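Undergrad: Feature annotation from Swiss-Prot assigns GTP binding site to 23, 24, 25, 26, 27, 28, 140, 141, 142, 143; the stated evidence is sequence analysis. Feature annotation from Swiss-Prot assigns domain 'tr-type G' to 11-193.
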């Protein structure tokens with residue numbers, strides 16, 4: 001193709017993303033678009049076709065962003081190249097959403113016509129506005145008996161400030177409205193900007209590791225072109241490679257001769273070093289270099305931390321390799337080596353939330369065959385010493401002694417909860433029990449309210465969301481953003497087994513809740529630790545003060561069974577000997593903590 005033909009081709013490219021609150025039918029609607037445009041053969045079509053992980057299908061959620069090229073002939077006979085980027089809906093994966101939006105000019109905002117606008121819908125709208133995207137609202141699931149289109153259109157106008165008359169009607173189940181959606185993408189979303197004659201600038205928005213091809217970055221070409229044989233340079237790592245293959249996703253890889261401005265695809269260059277490819281980096285030409293990199297992404301900081309330890313200690317290196325490979329297409333994951341007296345060698349790992357933590361653990365188990373034990377999740381605390389020094393603590397066992405601490409600050413979040421009006425009391429009671437401060441209550445309509453709370457982040461990482469869902473019969477939706485750090489009355493609580501501190505069970509608790517937490521943990525451990533030949537005390541302690549205790553009674557062997565007759569002195573002698581033996585066992589005995597005890601403790605909090 002000559003330059004003029006490439007410029008004409010660029011005018012027919014449309015890059016769009018699909019954003020929605022979790023479970024609003026986003027992946028199903030994407031399936032219908034792919035089916036209608038003939039992108040996927042009906043014979044190989046399956047539900048959630050863009051959700052490539054088994055884990056995504058099982059849970060019915062999207063975890064990773066996915067890109068696919070669609071060819072569409074519009075009603076005016078013109079052929080268009082569309083790049084659809086499917087995104088996750090869960091709050092933990094909003095980073096994946098922001099990455100995909102940076103590769104687009106427009107977005108379909110999917111709203112469930114039976115549920116209306118939810119907390120994550122709002123968050124996604126703000127993200128799209130920040131990225132200057134054209135928003136096309138789509139009311140999905142209109143075939144449901146409970147769908148209320150006029151009411152949701154009113155919400156679009158009042159809550160989002162968008163024109164309700166421009167909202168489209170669709171059903172991912174039946175395929176209703178797919179033609180209208182495609183036509184609106186063509187007319188309302190602008191073609192990508194970019195100059196084919198400028199030096200190459202390509203934004204890396206994702207990457208993964210292929211055992212044959214090495215590291216494969218997913219890219220959006222902004223300026224210039226790239227083809228097989230080109231020498232390219234990664235601007236952040238300064239590493240140079242020769243391109244082996246370029247192509248697009250359909251959703252499998254399709255090899256192309258070149259990629260030009262507006263194209264969304266992939267390149268391979270036999271990259272073996274995982275550290276050379278960073279999401280958000282810019283690829284340029286080695287021979288005709290761009291002066292400046294593209295604006296990447298706001299780096300997401302991990303907010304929930306826990307220790308991950310291999311159940312089989314000889315699998316430590318496999319766990320390390322697993323985390324390195326997962327970090328390739330999940331740049332928000334961070335980890336560093338750590339060791340525990342109770343669990344051996346492992347990694348302190350940072351996540352964007354509890355679901356993110358759960359998904360990573362499951363992927364390590366499925367994709368790499370390593371079973372892991374996770375310690376209790378915690379957040380980053382700001383600890384100020386009496387000398388005025390500031391420490392960042394993400395591991396309770398690293399907290400200095402009480403005498404050295406002047407104050408501790410913990411992160412708070414601004415929570416947005418949307419629920420039916422009848423559940424206001426239950427939501428407020430739950431939030432107050434979690435040390436929340438009510439900020440605002442706003443009625444969206446006569447039945448639904450939006451409640452804003454200020455909550456300590458450490459409180460919501462333990463079962464807050466699950467309790468919220470069960471109290472509101474699943475009708476509440478929840479979104480949050482990190483606010484600032486505030487001073488709190490926090491202390492380190494140690495758990496002792498047989499008089500020894502188990503470092504993996506230490507946690508930081510608020511003074512007012514220390515007794516209940518300690519009592520609950522001791523009771524759980526008593527239930528899950530098997531009996532030994534000696535008595536085991538389980539204690540919860542704040543410093544030197546024991547605040548809760550449970551005792552696992554010793555198993556008793558009947559040492560008098562072999563006696564017959566009535567020789568009471570012999571009986572006493574044997575029982576005395578057993579008593580001495582148990583005393584010795586108690587001082588020398590080690591208590592093994594089973595993995596199910598760890599999991600049960602996480603569930604109690």
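Cβ coordinates come from backbone N, Cα and C, glycine included.
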Undergrad: Within 10 Å of the Cβ of residue 25 (GTP binding site), how many other Cβ atoms can you find? Include all protein chains, please.
TA: 24
Undergrad: What is the average pLDDT across the domain 'tr-type G' (11-193)?
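TA: Across the domain 'tr-type G' (11-193), the average pLDDT comes out at 77.
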Undergrad: If you count Cβ atoms within 10 Å of the Cβ of residue 27 (GTP binding site), leaving out that atom itself, what do you get?
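TA: Here the count is 27.
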Undergrad: Could you say whether, by DSSP, residue 25 (GTP binding site) belongs to a helix, a strand or a coil region?
TA: coil
Undergrad: Using a 10 angstroms cut-off on Cβ to Cβ distances, just flag whichever of 23, 140, 142 is the loneliest among these binding-site residues.
TA: 23
